[in-house]
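A short write-up of the structure that comes next.
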Amino acid sequence: MPENRDRSNHVLVWEQAEMATDEGVLPAKRFGTRHYIVFMLFLGMANAYVMRTNMSVAIVAMVNQTAIEKDAEVFDDECPDTDYGEDTHDSGQDGEFIWSTSMQGYILSSFFYGYVITQIPFGLLAKRYGAMRFLGWGMLINSVFAFVVPVAARQGGAGWLIAVRFIQGLGEGPIVPCTHAMLAKWIPPNERSRVGSIVYSGAQFGTVISMPLSGLLADHGFDGGWPSIFYVFGIIGTVWSIAFLLTCHEDPVTHPRIREDEKKYIQQSLWGNASVHIPPIPWTSIAKSLPFYAILLAHLGQNYGYETLMTELPTYMKQVLRFSIKTNGVLSALPYLAMWLFSIVVGWVADWMLTSGRVNHTWTRKISNSIGQYGPAIALIIASYTGCSRALTVAILTVGVGLNGGIYAGFKINHLDITPRYAGVLMAFTNCSANLAGLLAPIAAGNIIEGKPTIAQWRIVFVIAACVYLFTATFYNVFASGARQFWDDPENDEPQKPSIEAPSHSEANGNNGTTLTHRTVNEQTS
């Protein structure tokens, strides 16, 4: 696409007349630039979750478990004491540090404090200055500081380690809002379900890779074992960050090597949003938007329910069923694997529903989200009545978390439907709020079962989480929308003055039938 630029970073766009359709003309089916961007974002999401979870594995090898005082753990005696004794051997490792359980909690949580507080700032900055560099440089900071973790722990103790993990969290803050902002610029509407599922399923892929590999490195790695976890993943993260910064670009307009047919297809499919000046964020309209609140509540319910599923069910199986799923690496990774695979399947099915013309965006999102949230809710209720059946509980955990993958073609990608230009900003707000809500799950469970981890008390924990899932999913089904909202319609924008003058009549006629469209393109818009 020929284009002219001036110092104000606006572009005068020439368009082929036959390309001016609502969805654009699909380019040849081959690996395109947008597919490479999706692949890199998937790896970035996987890398982010590796960095987030590797400390939980490493700290087991770092701490001298036999040297710290342990409070007597309360167990329920309703279920027979079968093979629980096998788990006690896991705590016999002698690490370098004598950190209390509470101190270990501070170390593990320090990353998330840094991660949460940067969500909204980076969402706003990405909208104003572009998402790609914030994402790349943030993950580079996260990866480089991984090399500092062993030094900080050994030379500065827990305090320095907490500071380093906090900085890593700050660096990872851009990952979700900036990823969302880039998807809004690169992915046509009818590809968003499968692309969103693929990209965000990198979280489960990273977890599946991180947990067993971190365990192997802790036992057989160099420099004492556990430091190799941070060195290896630090190298991987650094390589990805540099490759991302060097090979990826903010949007199709600024990419120097994208094919012309693919560029036109993306721009036309996105309702021209990549070719229109973005006005200030319409805060008042967003604050009155029920579709936005539908996404927000669904996100809150998802994080609360997911944290209950993934953090509390293993505790239930340890305290009540007298069996720890964490002793088996395959079973530990199985729920994440199920969610990863199912989310990709749901994404493809959702996009097929859209391209077939049988179902619109609104109903596609609602159907996918219902599977992703009603499914786990039912699983939690069933799990509270499985009694002492360990095998059945593991199966319920796997099915429940697997069905949870439906959210990626549901509310998770819905920001891009209702507001492509402000998707990163909205994701920053919903993701920040949801992460705070997720912290409530272990707090609520801890208060309910403290001193009395009976099946009846645990049933209360599961039913509360199920009710949160059910309420938020139902609210979403009532008020969600897959239609682009009026406050993000480019046709309602105030007209912008062209950055440069139109070429002469003779110049226009020399472009083989192309027509001139007076539209300005801000290079940093979404």
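Glycine residues also receive a Cβ, built from the backbone N, Cα and C atoms like all the rest.
A TrEMBL annotation is a machine prediction, not a hand-curated record.
Per TrEMBL, these features apply:
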- 506-526: compositional bias 'Polar residues' (COMPBIAS)
- 33-484: domain 'Major facilitator superfamily (MFS) profile' (DOMAIN)
- 489-526: region 'Disordered' (REGION)
- 36-52: transmembrane segment (TRANSMEM)
- 106-125: transmembrane segment (TRANSMEM)
- 134-153: transmembrane segment (TRANSMEM)
- 229-247: transmembrane segment (TRANSMEM)
- 333-355: transmembrane segment (TRANSMEM)
- 391-411: transmembrane segment (TRANSMEM)
- 423-444: transmembrane segment (TRANSMEM)
- 456-479: transmembrane segment (TRANSMEM)
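For the domain 'Major facilitator superfamily (MFS) profile' (33-484), the predicted model reports an average pLDDT of 83. Distant neighbours of the transmembrane segment (391-411): 193-194, 196-197, 200-201, 204, 294-295, 298-299, 302, 305-306, 309-310, 313, 316-317, 321, 325, 331, 334-336, 338-347, 349-350, 364-366, 368-373, 375-376, 378-380, 382-383, 476, 480; these residues of the same chain sit at least 6 beyond its ends, with a Cβ under 8 Å from one of its Cβ atoms. The stretch from 106-125, 134-153, 229-247 with the most CB pairs below 8 A to the transmembrane segment (36-52) is 229-247. Long-range neighbours of the transmembrane segment (106-125) within the same chain, counting only residues 6 or more positions beyond its ends whose Cβ lies under 8 Å from a Cβ of the stretch, are 52, 55-56, 59, 99, 134, 138, 158, 161-163, 165-174, 176-178, 181, 281, 424-429, 431-432, 435-436, 439. Counting Cβ pairs under 8 Å to the transmembrane segment (134-153), the stretch among 229-247, 333-355, 423-444, 456-479 with the most such contacts is 229-247.
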